[in-house]
Amino acid sequence: MGLHVLLASTALKTISVTGLWVIPLLLGALTYHNYSSYDPEAKVLDKEPRREYDFIVVGGGSAGAVVANRLTEVKDWNLLLLETGPDENEITDVPSLAGYLQLTKLDWQYKTEPTPYACLGFKNHRCSWPRGKVLGGSSVLNYMIYVRGNRFDFDQWESFGNPGWGYRDVLKYFIKSEDNRNPYLSKSQYHGRGGYLTVQEAPWRTPLVAAFVEAGVEIGYENRDINGAVQTGFMIAQGTIRRGSRCSTAKAFLRPVRTRRNLDISLNSQVTKVLINPITMKAYGVEFVKHGQKRVVFAKKEVILSAGAINSPQLLMLSGIGPKDHLREVGINVLKDLAVGENLQDHVGVGGLTFLVDKPVAIVQNRFQAFPVTMNYVINERGPMTTLGGLEGIAFVNTKYANSSGLWPDIQFHMAPASFSSDNGQIVRKILGLTDEVYDTVYKPIANKDAWTIMPLLLRPNTRGYVKLKSSNPFDYPIMNPRYHEDRLDVNRLVEGIKIALKVANASPFKQFGSRLYMKPLPNCKQFKFMSDEYIECQVRTISMTIYHQSGTTKMGPSWDKKAVVDPRLRVYGINGLRVIDASVMPTIVSGNTNAAVIMIGEKGADMIKQDWLSHNR
């Protein structure tokens, strides 16, 4: 109200001096201010934290945004959300520019440890691990694909000793979040309408994705809703977009409730430690750094870590919770000996499987004129800029190693109407970290040519990696080793996945485009016969691409599970008032893109907190 009075006062003074012509301008300013106040997509306010709150949520990403929204539905509770990064910007809204956000200030820019088993085509044999350092977390950097996982994933979680986490229990939380705007899906019993998170197909696509789905049907799979009753099959990708723009969890869950009086959001605030009373073993607050100043804030009820599968275990270890030998090695006093940082899992894929076409049907950067394409996006919310980071098709297929039922596929396909060099080497090679030898030899010769790609990814890896501290300094990046391809079966599954991808590409729907396999061998694999099993294995180990799905590092499990860090209600074992709610609690990684499952974990976790505290109060 004070601002309205100030504007009105200024208006009267200005009118008396300069005349009536300024009235429309001032009315416009007032209208804009009022609109901004009630616009459900207006940016959040960066507030100065108070001394104490009921709840502190660390991390405003895919889970943290959901938790903050749902807990502040209880008007008697107040909550502080601490996010290391800034808010989103105009570029993050544009789906096709997903790759351009990597290697910026919105990205943690992590790298895996060098390995002789994988990432051989990348500089120093290290894979890039982009993670969102921004309000909305990795839902701001990801490619927006909406895949929930397989029903057997969640039933397996429950079978491990985690009651309430079976598919029949978690489905309602997927539906609760969702506002599905595809007419042919919105009335399905498996989908929701009216939730905070908008899900729909991109409004623009190439004809190649239709051929991809038709090819899948030709080789024996169904075109189906992969988030419905059965996952196995082919589908045009569903994405978290709204009116042609990215729908991050910040946009979906935080912006509509940013005016709640019991919600404070502090940006550019990096938490460095959870405060724990060593006598009572109760978490009572956090230390954080904002604008270079170290600060402390206290929690009356709980501290909730939603910092993701890298930063949540890092924070626990910095706070004295983790493997005792490792903590002592880096000079941290041990409060609780738990298997924090272990059980790291990720979906690793095979990149570079490229097919050339004779018709101008793919995404080629030089073909699109910037001004008309941009105007079509801004005015009509359509056009190539609405594509899901360049991904158009999704499939789940079974190799010979898959579950005999055929209902729990072991390989996922991402189909893209582009190649590594469709952007003429400007972005993709840099964000992947491809060596100059690999790019110049294999991909530079087809720069700006029409091409498309299938990327097979391994859904349930046998290998388990780890996250460890480099030191006791909270600003040192942790050590991350996913141990890609150290298990022989993981490699064998991906080899078979590429063989199925070749069957898809050779199917008749692609013949109309003159589609054919690009047969330039990788320089370090040319000693093998092209596309023999030995060559494919070499490609699997050379172009080992993360799908950005790190998980499992604070494993959920029963008390008798020695690797468990949190119980089935996501409470850290041995520490009162401390939970973890994010991808790191997954006992096993879900079969598919993880963002939807993390949002579900946020929904269910918030519900459990309400149940625990409200029933306690009663």
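Cβ coordinates are placed from backbone N, Cα and C, and glycine is handled just like the others.
Annotation source TrEMBL lists FAD binding site at V134, V271. Around V134 (FAD binding site), a 10 Å sphere centred on its CB holds 29 further CB atoms from the protein chains shown.
Under the heading domain 'Glucose-methanol-choline oxidoreductase N-terminal', TrEMBL lists 132-155 (among others). Residues 44, 59-62, 64-65, 83-88, 92, 95, 98, 101-102, 105-108, 165-167, 169-170, 174, 199, 226-227, 231, 237-241, 246-251, 254, 265, 267, 308, 388-391, 394, 396, 403, 407-409, 412, 414, 548, 588, 590-597, 600 of the same chain, all 6+ positions outside the domain 'Glucose-methanol-choline oxidoreductase N-terminal' (132-155), place their C-beta atoms under 8 angstroms from a C-beta of that stretch.
Per-residue pLDDT, averaged across the domain 'Glucose-methanol-choline oxidoreductase N-terminal' (308-322), gives 98. Per TrEMBL, domain 'Glucose-methanol-choline oxidoreductase N-terminal' is recorded for 308-322 (among others).
Within the same chain, residues at least six positions away from V271 (FAD binding site) with a Cβ under 8 Å of its Cβ are V58, L82, T84, V286, E287, F288, A307, L315.
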